[in-house]
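Working notes, beginning with the structure itself.
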Amino acid sequence: MPNMNDILILLPELYLVVAACVLLLLDAFMTPARRGVLHWLSIGVLLIAMYLVVAGQPEQTVTAFNGMFVRDRVAEILKVFALLSTALVFVYARPYLIDRKLYVGEFYTLTIFAVIGIMLLVSAGNLLTVYLGLELLTLSSYALVALNRDSSLSSEAAIKYFVLGALASGMLLYGMSMVYGATGTLDLVQLHTAAVHNTMPNLLLFGLIFMIVGIGFKLGAAPFHMWIPDVYQGSPTAVTIFIGSAPKLAAFGMAYRLLESGMGDPSIAHHWQQMLAVLAVLSLAIGNLVAIVQTNLKRVLAYSTISHMGYLLLGLASANSEGYAAAMFYAISYALMGTAAFGVILALARAGFECEEVDDLKGLNQRSPWLAFLMLLVMFSLAGVPPMFGFFAKLMVLQAAVNAGMLWLAIVGAVFAIIGLYYYLRVVKVMYFDKPVEGTEHKPQADVSLRFVLSLNAFALLVMGFCWGPLLEWCKSAFAA
Amino acid sequence: MIDPQLFQLICFYAFGAVTVGAALGVISLRNTVHAVLSLVLTFFSTACIWLLAEAEFLAIALIVVYVGAVMVLFLFVVMMLDIEQEKVREGFIRYLPVGIIVALIMLGEMVALIGVRAMHAQTMGENPATAMGVSNTEWLGNALYTQFLLPFEIAALILTVGVVAAVALTLRHRGGARHQSASQQVSVNPRDRVRLVKMATEYPASVQPAPAQPSAGDQETKP
């Protein structure tokens, strides 16, 4: 029977559930003119949840509800950064939502429900919790993508996302049922031991393959990346920024739980290491090469996401504590870079103007030198130019791959990092060296909170390039066993 | 006297065949209503297989919830929408060869990997409900509210998200639509609605003594 102790372990999640319901009710009784209260309240709710996660973190790994829920260092770090990046999303999204008449309470509630899904997913100790956490996250995301229901592009993106997402969930569930059939357990800890002494290794591998398909889809790794460009382009930018940040942390958490906690024994790990290596190479190749020919900025960033997931998979494929720490470090750095990149797009967009095309940035330096400089920082960090945050994240992942004896994989990663430089630097070139297009001269809107937080976010990418040590130590401490 | 185990096996294969056949019907029948009806048959025979596996509650729930409620709703929607069947089936023939190849490869892999050929499919151990000496429903209820409490609650949360999403995506405040405001109606004051006016008594036209037509001119000058 669950007791008080279980509930205390689950406190941050329970708090968020209650807060989301209260926000939902507040929204129903509040006049639209006072929605600003809801906005700041939502950000406050996320920050308090962050405090609860950190303050209530037990020294040892603890489990609750019969091992369904695990609270360890890995979950703590992922939750902190998922909550942080969602709070950033709320700050950046507000002017965009107001301009497009999408400034509704449901945006905040659905996003918070998605965050609850992320938190449950990264803390999952059971295949059931993995699946349900994932469904909570994706179901909220589908609705968010479709939020702009008068736009046909948005509805198309939502339908694509929904159909492919449902297919991927089906694959994952099918794989889980096979694994259950082979081992007779849903608990990840028991699965770890049951997987070794198994009488049906073929069935187990069969299930594993399907689970990796599900993971690949959620990460957006090639060849399961088809949905990413369309969904990134089609959904309102305020939703794209969310989908492009916190759920990546969740996908890493899910991969870690399923692969390391469940199937982490070296006798099985070498199977999925090879599969992840293939996924990584494909993602690096497709992401970086296709991004070169894109003209839509949101699509460029979508393909850049695919390539970044390739680097993340490099770390995961190492299948040792160094590799996991590097991959988590990478996921965190990507979440911060992704919010900053889409944050600049949101800062430039205004009513009737999306700022979606790369050409929309032409001559940005003359119109708004500050935003152009922030975008420069973000692009350098995404490209992995030293001394930015993104450079060290790439370095850690490549180092982990070399140390794990996958030199060829590291070389592929380094080569594609150089190819990727082209399209990141093209954005910088367009901003600084091209003449502005007629009719786009006027200055971007000034939303003080957006500009201030965006500046902090972009400069954090530079500062973290110099003091990445503590964060990396924190990540390493999570996997030191 | 037939061996009960053999009888179970025969039943399993019979229901299994019906399930697969009906599922094929769902995707291949021309008439959408027939497709929905064969989906009902799929659910029904699946429920029968679950009965064989001693999962009585799930079997009944499948029939009550899916066949009784969800599929009836589905049938209404299908009948009301009047879907153009030719349009829906446009890509069917074109993608059929690829689909069949993929399906056959997957079937082959599954059969090879799961080990149907070697006949070493094994039972998952004893039924826990029988081991505890309680009914299937009782055991399920116990498990749901103790061992599986957390997933159960998360599922409830997912349903909440479904409701919120449905409202967010479909609720429209149309301009010009007329609706009643209950609070305004209740808080109304009688004096705002009805005004009592004092006025002289008037008679209906028929009762009123009609003034003589010819003497109209005389009447006017009287006061």
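From the backbone N, Cα and C atoms, a Cβ is placed for every residue, glycine too.
TrEMBL annotations: computationally assigned, not manually curated.
The following features are taken from TrEMBL:
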type	residues	note
DOMAIN	A:9-88	domain 'NAD(P)H-quinone oxidoreductase subunit 2 N-terminal'
DOMAIN	A:124-419	domain 'NADH:quinone oxidoreductase/Mrp antiporter transmembrane'
TRANSMEM	A:6-25	transmembrane segment
TRANSMEM	A:37-54	transmembrane segment
TRANSMEM	A:74-93	transmembrane segment
TRANSMEM	A:159-183	transmembrane segment
TRANSMEM	A:203-227	transmembrane segment
TRANSMEM	A:239-259	transmembrane segment
TRANSMEM	A:271-293	transmembrane segment
TRANSMEM	A:300-319	transmembrane segment
TRANSMEM	A:325-349	transmembrane segment
TRANSMEM	A:370-393	transmembrane segment
TRANSMEM	A:405-425	transmembrane segment
TRANSMEM	A:452-471	transmembrane segment
*Do any residues of this chain, six or more beyond the ends of the transmembrane segment (A:203-227), have a C-beta under 8 angstroms from a C-beta of it, and if so which?*
134, 138, 160-161, 164-165, 168-169, 171-183, 195, 247-248, 250-252, 254-255, 258-259, 263, 268, 271-272, 275-276, 279-280, 282-283, 285-287, 305-306, 309-310, 312-313
*Are there at least 3 C-beta pairs under 8 angstroms linking the transmembrane segment (A:300-319) and the transmembrane segment (A:405-425), leaving out pairs fewer than 6 apart in sequence?*
yes
*Non-local residues, at least 6 beyond the ends, that sit with Cβ under 8 Å of the transmembrane segment (A:325-349)*: 74, 77-78, 81-82, 85, 88-89, 92-93, 95-96, 99, 237-238, 240-241, 244-246, 248-249, 252, 256, 297-298, 301, 305, 308, 311-316, 318, 355-356, 360-361, 364, 368, 371, 374-375, 377-379, 381-382, 389-390, 392-394, 396-397, 399-400, 444-445, 447, 450-451, 453-454, 457-458, 460-461, 464, 468, 471-472, 475-476, 478-479
*For the domain 'NAD(P)H-quinone oxidoreductase subunit 2 N-terminal' (A:9-88), what are the DSSP-based totals of helix, strand and coil residues?*
60 helix, 6 strand, 14 coil
_With Cβ-Cβ distances below 8 Å as the criterion, list the same-chain residues six or more beyond the ends of the transmembrane segment (A:6-25) that contact it, or say none._
38, 41-42, 45, 48-49, 52-53, 56, 58, 62-65, 69, 71, 79, 105, 108-109, 112-113, 115-116, 119-120, 123
*Rank A:74-93, A:159-183, A:239-259, A:300-319 by Cβ pairs under 8 Å to the transmembrane segment (A:452-471) and hand me the top one.*
A:74-93
_Below 8 angstroms Cβ to Cβ, which residues of this chain, lying six or more residues outside the transmembrane segment (A:159-183), approach it?_
127, 130-131, 134-135, 138, 141-142, 145, 190-191, 194-195, 198, 200-201, 203-204, 206-215, 217-218, 224, 226-227, 230-231, 234, 262
*Sequence-remote contacts (6 or more beyond its ends) of the transmembrane segment (A:300-319), Cβ cut-off under 8 Å?*
219-222, 225, 228-229, 231-233, 244, 248, 251-252, 255-256, 259-260, 264, 266, 269-270, 272-273, 276-277, 279-284, 286-288, 290-291, 294, 325-331, 334, 338, 341-342, 358, 382, 393-394, 396-398, 400-401, 403-404, 406, 409-410, 413, 416, 420, 423-424, 427
*Report, as numbers and ranges, every residue of the chain located at least six residues beyond the transmembrane segment (A:239-259) whose Cβ falls under 8 Å of a Cβ in that stretch; write 'none' if there are none.*
74-75, 78, 81-82, 85-86, 88-89, 92-93, 111, 114-115, 117-118, 121-125, 127, 130, 133-134, 137, 141, 144-145, 147, 188, 211-212, 215, 218-220, 231-232, 269, 272, 298, 301-302, 305, 309, 312, 316, 319, 324, 327-328, 331-332, 334-336, 338-339, 342-343, 346
